[in-house]
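K.L.:
Got a structure for you, written out below as C-alpha cells; questions coming shortly.
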C-alpha cells in the first residue's frame, strides 16, 4: 500500500486529488496539508511514501516546503502543476532542483474528454514514485578523476560526431550537471531525450539554459546539427537524425516502450547515422527504454556510458543496460562530464 500526502492550498483540489488517488486499491491517502508549513509537519508526523506538492501556497510555498522536507525528512515529492504557464513551470524546475523527483500536470476534471486517461496516468505515476525509497545526491568533486583507459573494442576509430543521451525519472538534475560541466567549446552536438509529462519541455529547456555552458534548444524538424549545441526532443515526437547525420528528423510514429519521444528511437537512429562515432549515455530512470539499443550502439563500436546505481534516483534504465552488457563505462554524473570532455577532445 502506497501512503500519499496531498499538499494544496485549494480545498477543492485536495478533495479532487484525494478522490482520484483513493480510488486505487494500492493507494492510501494518509493526510492532506493546505500550505508548506503544514506539509513539513505532516511529513514528519505521518511518514508518507509520496507527497504531491502544489507550488503556489500561502505562508510557506511549495518550493520552500520541498527544500525543507528534503533537508529534514527526505521523501519522494511529486510537483503537481495546475497551470502550465511559464512562471509556474519555472518554479516547478526550481523545486526539482531542491529535490522533487518529478512534475505532473493536474488531471482535467470529470466531464472533460481527457479526464479518465489523464487520471489513470497521474495515479500510476504517483504509485511508481514510491519506488524511490531514498533521494540520493552525488558528491561534487573539485578535481574529478580522469576517465579510465578505454578497452580496445571501445576505441573510437575516427573523430566523434555526436553525443546521444536518454533519461527519465531523476534525469533533469543529472542533465543540468552534465550540460553545466561541459566546456563552451565542446565540439559535438548533444541530442537529449528526457521522459517528461506533456507541457513541461519548454520550461525544462529554459531552466537548463540558466546554467548550461552550451546553448540548449527544443529540437525542430530539419534543424541542422551544430557542434556545441544541445537539442532536447519535443513533446510527442520521436527525435532522430537524418541518414547523412546533418540534421534532426522528428517523427510521430507510434510510441516505443509506451513512450514518445523514446530513447530507443534516438539510439537506433544515431547508430545508423554515426555508428562508432557516437557516444551513447543512458541516465537514471524507470523501465528499459534505450537499453537494447545502447547495446547495439556498443556492438557498432561506440563508447557507451550508463549512470551508476549510487547516483541514480531509479536505476531501471541503466540497470537494464548493464544486464545486457550494453555499457563500456558505469559512471556518476561528474565523471560522465569528464568522460565526454576527454572523448570529444581526442584528436
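Quick reminder: no glycine exception, Cβ is built from N, Cα and C everywhere.
Take a look at what Swiss-Prot says about it:
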type: DOMAIN; residues: 3-121; note: domain 'Response regulatory'
type: MOD_RES; residues: 54; note: 4-aspartylphosphate
type: DOMAIN; residues: 157-342; note: domain 'CheB-type methylesterase'
type: ACT_SITE; residues: 168; note: active site
type: ACT_SITE; residues: 195; note: active site
type: ACT_SITE; residues: 289; note: active site
K.L.:
Using a 10 Å cut-off between Cα atoms, which of these recorded positions sit near residue 168 (active site): 54, 195, 289?
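P.N.:
So far as Cα distances go, the recorded positions lying within 10 Å of residue 168 (active site) are 195, 289.
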K.L.:
Just jot down the residues in the same chain as residue 289 (active site), at least 6 apart in sequence, with C-beta under 8 A of its C-beta; none if empty.
P.N.:
166, 168, 195, 256, 257, 259, 262, 263, 264, 317
K.L.:
When secondary structure is assigned with DSSP, how many helix, strand and coil residues does the domain 'Response regulatory' (3-121) contain?
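P.N.:
Across the domain 'Response regulatory' (3-121), the residues distribute as 54 helix, 25 strand, 40 coil.
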K.L.:
Restricting attention to the domain 'CheB-type methylesterase' (157-342), give the mean pLDDT.
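P.N.:
Mean per-residue confidence for the domain 'CheB-type methylesterase' (157-342): 96 out of 100.
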K.L.:
Neighbour count, 10 Å Cβ-Cβ cut-off, for residue 168 (active site): what number do you get?
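P.N.:
So the number of other Cβ atoms within 10 Å of residue 168 (active site) is 24.
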K.L.:
Among the recorded positions 54, 195, whose Cβ has the fewest other Cβ atoms within 10 Å?
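P.N.:
Across 54, 195, these recorded positions, the one with fewest Cβ atoms within 10 Å is 195.
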